Amino acid sequence: MSAQIGVTGLAVMGANLARNLARNGYTVALHNRSIEKTDTLLLKHGDDGEFIRTETLQELVDSLEKPRRVLIMVKAGKPVDSVIDQLAPLLEPGDIVIDGGNSHYEDTRRREAALSRQDLHFVGVGVSGGEEGALLGPSIMPGGSRESYDSLGPMLEKISAKYNGEPCCRWIGTDGAGHFVKMVHNGIEYADMQVIGEAFDLLRLGAGIEPADQAKIFTDWNSGTLSSFLIEITAEVLGHIDERTGRPFVDVVVDAAGQKGTGRWTVVSALELGSPTSGIAESVFARALSSQKEQRVLAQDILHGHEGSVDLPETFVEDVRLALYASKLVSYAQGIDMLTAAAKEYGWELKLDEIASLWRAGCIIRAELLDDIMKAYAEADTRPANLLLAPAFAEAIAGAVPAWRRVVATAVQLGIPVPVFSASLAYYDGLRRKRLPAALTQGLRDLFGAHTYNRVDTEGTFHTLWGEDKSEIEAVDTH
Ligand code: NBP
């Protein structure tokens, strides 16, 4: 018997993907650097389906049908290169090496280029849904060659999450496209979680609503336009009471948010692409500030702010809901705008409607909203230049704007930090302006650095002789 796919790296994600594949009828060859994980998996879940136990990468390769498919699920970074270096010499032209970890897309581009020189396919696959998603059906974002997808796609689609029966797995584009899209997914996830945190803070500090009552509010919100996995689990976490102390669980958890890097990568990449991803950036910085616990403890005695509460808690709750919805829309708009910029930069033909469609189930940012986002990008002739310009979303956000402004103004007055609510509102206000103060920036740049400028009334590039008679000359564009 030979296996249809091999999995090397059997920690939580690899083990669960291997089990998911076996449960879907595929024979899966198993390998892990240390044999214990392989044996534990076989002992606990060996009856999930057909598995082949292997101890070495050579045994793994020998156990596979051709062309071989090997899924690498080891820690992202150097371990992936190390496994590829050991694996590649054992493979034959046409075999497919798959990296299902959270690798940086630039690493994936580099690895794909290197392996294609050996006539091996390298497929960087973004997998979202955490441990449970990997087992029961994740959202899957595969990159690599179209040819490799013809061989691999049916397996991935079979094990993926389904939305109304449709698989949440589509070929994204060549080389690092799958990992890029997964990275932006995670960036949106950071912003999504931060706006939920800001809403929680506002409702508690501004309106005095305790976590247990907020759990009911979030449950209620989950049946409306905000309906999503993250809002659903927010209700669960806020309603949870700590066993040891009887206090709300959120009050016994240290308020320093961790990060594994994909949010930071998104922001670095946005800066490189010149994409205004301010909501996602503020959410990464918010986690960074949360982790500066020592400074924050010192600052409490030194830096003072205004304190108080809102006058009408009932209307404030609805205002916060609308501000959360609008800020969330901006995060999606910014993430999608970044995908558009990356597609141009890297020559990917990213299909935004398909990407939105495969985020509808299985992944962490799954939300009702994504079905509407998918529809907004479905027709080429009505595809919006920015998500916020799609008629349905322009109307929805217009309805939320008055409440959004009230919430941000109230937060500023009460001294409650709302970095993503406010950055998203600033983005919205900047986006809808025909003219921005950037004209002054250009004037300053021309004065101190002769950086030149363009005029609103005529073609060409100009420079003013600031140090002489301030006359204008036509300049050679130095950009
Ligand atoms: P980890 O990221 O914790 O990695 C552990 C695995 O890597 C073990 O199998 C370990 O083997 C292996 N490994 C390491 Br560490 N160094 C190695 C090396 N030099 N050579 C060979 N194997 C090596 O596992 P995970 O949490 O299952 O995540 C796997 C990938 O999936 C990561 O890229 C992660 O970012 C991504 N991901 C995780 C989640 C999640 O919810 N956890 C979600 C989505 C994506 P050993 O057993 O011999 O030490």
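Placement of Cβ uses the backbone N, Cα and C atoms for every residue, glycine included.
TrEMBL does not curate its annotations; it predicts them automatically.
The following features are taken from TrEMBL:
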BINDING   Gly9, Leu10, Ala11, Val12, Met13, Gly14, Asn32, Arg33, Ser34, Val74, Lys75, Ala76, Asn102  NADP(+) binding site
BINDING   Asn102, Ser128, Gly129, Gly130, His185, Asn186, Tyr190, Lys260, Arg287, Arg445, His451  substrate binding site
DOMAIN    178-467  domain '6-phosphogluconate dehydrogenase C-terminal'
ACT_SITE  Lys182  active site, proton acceptor
ACT_SITE  Glu189  active site, proton donor
DSSP-derived class (H/G/I helix, E/B strand, else coil) of Tyr190 (substrate binding site): helix
Integer Cα-Cα distance in angstrom, Gly9 (NADP(+) binding site) to Gly129 (substrate binding site): 18
Which listed residue (Asn32, Ser34, Asn102) has most other Cβ within 10 Å, given these are binding-site residues: Asn32
Cβ neighbours within the same chain of His185 (substrate binding site) - under 8 Å, at least six residues apart: Gly126, Ser128, Ser139, Met141, Gly335, Trp359, Cys363, Ile364, Ile365
Inter-residue Cα distance where the pair is Gly129 (substrate binding site) and Lys75 (NADP(+) binding site), in Å: 17
Proximal residue to Ala11 (NADP(+) binding site) among recorded positions Lys182, Glu189, His451 (C-alpha distance): Lys182
Listed binding-site residues with Cβ under 6 Å from ligand 1, out of Gly9, Asn102, His451: Gly9, Asn102
For Asn32 (NADP(+) binding site): DSSP state (helix, strand, coil): coil
CB within-chain contacts under 8 A for Lys182 (active site, proton acceptor), separation at least 6: Asn102, Gly126, Val127, Ser128, Met141, Thr262
C-alpha spacing of Ser34 (NADP(+) binding site) relative to Glu189 (active site, proton donor), in angstrom: 33
In the chain carrying Met13 (NADP(+) binding site), residues 6 or more apart in sequence that have Cβ under 8 angstroms from it: Met73, Gly100, Gly101, Val127, Glu131, Ala134
